[in-house]
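Visitor: Let me give you the structure first, and then I'll get to my questions.
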Amino acid sequence: MASEIHMTGPMCLIENTNGRLMANPEALKILSAITQPMVVVAIVGLYRTGKSYLMNKLAGKKKGFSLGSTVQSHTKGIWMWCVPHPKKPGHILVLLDTEGLGDVEKGDNQNDSWIFALAVLLSSTFVYNSIGTINQQAMDQLYYVTELTHRIRSKSSPDENENEVEDSADFVSFFPDFVWTLRDFSLDLEADGQPLTPDEYLTYSLKLKKGTSQKDETFNLPRLCIRKFFPKKKCFVFDRPVHRRKLAQLEKLQDEELDPEFVQQVADFCSYIFSNSKTKTLSGGIQVNGPRLESLVLTYVNAISSGDLPCMENAVLALAQIENSAAVQKAIAHYEQQMGQKVQLPTETLQELLDLHRDSEREAIEVFIRSSFKDVDHLFQKELAAQLEKKRDDFCKQNQEASSDRCSALLQVIFSPLEEEVKAGIYSKPGGYRLFVQKLQDLKKKYYEEPRKGIQAEEILQTYLKSKESMTDAILQTDQTLTEKEKEIEVERVKAESAQASAKMLQEMQRKNEQMMEQKERSYQEHLKQLTEKMENDRVQLLKEQERTLALKLQEQEQLLKEGFQKESRIMKNEIQDLQTKMRRRKACTIS
């Protein structure tokens, strides 16, 4: 059942205390209760640039994230506000407001770089907010983007000869969409006398300079990083909302008191975010919900705190460990529920129980397959198989015990009157043995006619009859109407009957063993069938993701070539060839 969101305001998600980042347990608890998929929008920018105002607008509130009206930075760490998505039913909009970059009070660029990296890692849409035009100063202030190769790893164990830049070639596959918001923008949008849209202005501003000097490289590096890491880009410009003196009361002012152009620009920005920001997903198309976002936050923050680099692959594997373990328990619970509803012990035959087990097992595997992902070496599915086998054996044992109890109770009811008659000496007389045998046959017939005795019916009966052999023999020996020869013949008949019953029981035992072996093979085949289907689906999903990444890289390479940057185009071409090689291997991969 969908969880309800009752966040009346933002809460600190990642605290920044004395330069140390820590996840806030209260915020994590809120995330852990949200089961719906999440669209995560993070905003980053220099302090005192009005980031919080835009986030409050996205939340549909006038107040929430602290605006602050002095040169002092208000937001510390990363703050979170979860609200129902206004355009996507069944989705949650998660707004992440970050502390201002370049706060003079901190004097620690390291800290800013981690905040920037975390915002990128956690979001599906990354908003960079700045004042004025995109000039070199604005680009210099965005040097954090050039730090990402030193702050994030995509793979946990990159090849030994693979450097940070090569590892960063995978960033595009999981990085968010990029939105640049330009505040207090007062210039006309044009280049070479031609009017530009905000998006064209951004593309124009990201053009590279030809040249190999240090100055040229400094100019090009942030632009190259933005183009390479964030292929999907959008730009919005905002006029100054009010006169500078009224900015301090911005959250108290009505829209009618603001510049109409600004009001429309904010509305356009919000509309774009609501309609175009995608659901946060992980490799394999896994949609992020509250518990998954909670796990990502913990994994990344713990990595930073311990001096490691946040790693996308490690974060996904840590999440998979948690979810796959839960998937095993969910599958077992489903199996137990189904067996509890369907099975009535004792079953008439072992096969009846095994058929019910097979149906419930198939459903349990389906539950696991739906709920699991990244099950490296299929360890969790093997664990599920072992637990299901144990559950099956437990049911077989319970079935056996239920049958034994039922049959023992029946024997007591059916045969106790005969035992009482024997004790009373009714059969200790001439011709008594034949009467006894006839009565015994009648009672055995009555026993066989009783329903739902289960799989122990014959064994329990034969054990009972064997325990009464001395009583039967005593009646035989005292019957004076029988000759010694007739007694010998009768003894042999009883022995033969007993031997025949034993042989029948042995046959039955062998048949049960064969049925159990057949069931084990069927279980193995069912696991293999569903696993094969899942692996094929995962392969197709990964190929789709790689094809999307390939298209974006080809587009960027073509643009670099068009602009005349041969060296950068060659680097991109190498990345493309590496990706195409991986895709060819993936396409050729067959599951045997």
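Keep in mind that glycine also has a Cβ here, set from the backbone N, Cα and C atoms.
Per Swiss-Prot, the feature GTP binding site maps to 45-52, 67-69, 97-101; the stated evidence is experimental evidence. Swiss-Prot lists LYS207, LYS209, LYS210, LYS382, LYS562, LYS567, LYS573, LYS587 with the feature ubiquitin cross-link, giving experimental evidence as the kind of evidence. Positions annotated as domain 'GB1/RHD3-type G' by Swiss-Prot: 35-278. Residues or ranges marked as S-farnesyl cysteine in Swiss-Prot: CYS589. If you look up Swiss-Prot, you'll see SER156 marked as phosphoserine, on the strength of experimental evidence. Sequence annotations record features per position, and here Swiss-Prot assigns cysteine methyl ester to CYS589 based on a curator's inference. Swiss-Prot lists THR590 with the feature phosphothreonine, giving experimental evidence as the kind of evidence. As annotated by Swiss-Prot, region 'GTPase domain (Globular)' applies to 1-311.
Tell me about the setting of these features in this model.
Guide: Packing around TYR47 (GTP binding site) is summarised by its Cβ count: 21 other Cβ atoms lie within 10 angstroms of its Cβ, all protein chains included. TYR47 (GTP binding site) falls outside any helix or strand according to DSSP and counts as coil.
In three-state terms derived from DSSP, LYS207 (ubiquitin cross-link) belongs to neither a helical nor a strand segment and is classed as coil.
In the shown protein chains, 13 other C-beta atoms lie within 10 A of the C-beta of LYS209 (ubiquitin cross-link).
Long-range Cβ proximity for LYS210 (ubiquitin cross-link), meaning a same-chain Cβ under 8 A and a gap of 6 or more residues, is found for ASP216, GLY564, PHE565.
Annotation for LYS382 (ubiquitin cross-link): no spatial neighbours, criterion Cβ-Cβ under 8 Å with sequence separation of six or more.
Cβ neighbour count for LYS562 (ubiquitin cross-link) (all protein chains, 10 Å cutoff from its Cβ): 9.
Taking the Cβ of LYS567 (ubiquitin cross-link) as centre and 10 Å as the limit, one finds 9 other Cβ atoms among all the protein chains shown.
The secondary structure of LYS573 (ubiquitin cross-link), as reduced to three states from DSSP, is helical.
Neighbour density for LYS587 (ubiquitin cross-link): within 10 A of its CB lie 12 other CB atoms from the protein chains shown.
Secondary structure at SER156 (phosphoserine), as computed by DSSP, is coil. Taking the Cβ of SER156 (phosphoserine) as centre and 10 Å as the limit, one finds 13 other Cβ atoms among all the protein chains shown.
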Visitor: Given GLY100 (GTP binding site) and LYS207 (ubiquitin cross-link), what distance in Å do their CA atoms have, once rounded to a whole number?
Guide: 27
Visitor: In which DSSP state, out of helix, strand and coil, do we find GLY100 (GTP binding site)?
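Guide: Coil, per DSSP.
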Visitor: Are there residues of the same chain, six or more positions away from THR49 (GTP binding site), whose CB falls under 8 angstroms from its CB, and which are they?
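Guide: Result: GLY100, ASN129, SER130, ILE131, ARG183.
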Visitor: Can you tell me which of the recorded positions SER156, LYS207, LYS562, LYS567 is spatially closest to TYR47 (GTP binding site)? Compare CA atoms only.
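Guide: Given the candidates SER156, LYS207, LYS562, LYS567, the nearest one is LYS207.
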Visitor: Roughly how many angstrom lie between the C-alpha atoms of SER156 (phosphoserine) and THR98 (GTP binding site)?
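Guide: Spelling it out, the Cα of SER156 (phosphoserine) and the Cα of THR98 (GTP binding site) are 27 Å apart.
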Visitor: Neighbour count, 10 Å Cβ-Cβ cut-off, for GLY45 (GTP binding site): what number do you get?
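Guide: If we count other Cβ atoms within 10 Å of GLY45 (GTP binding site), we arrive at 24.
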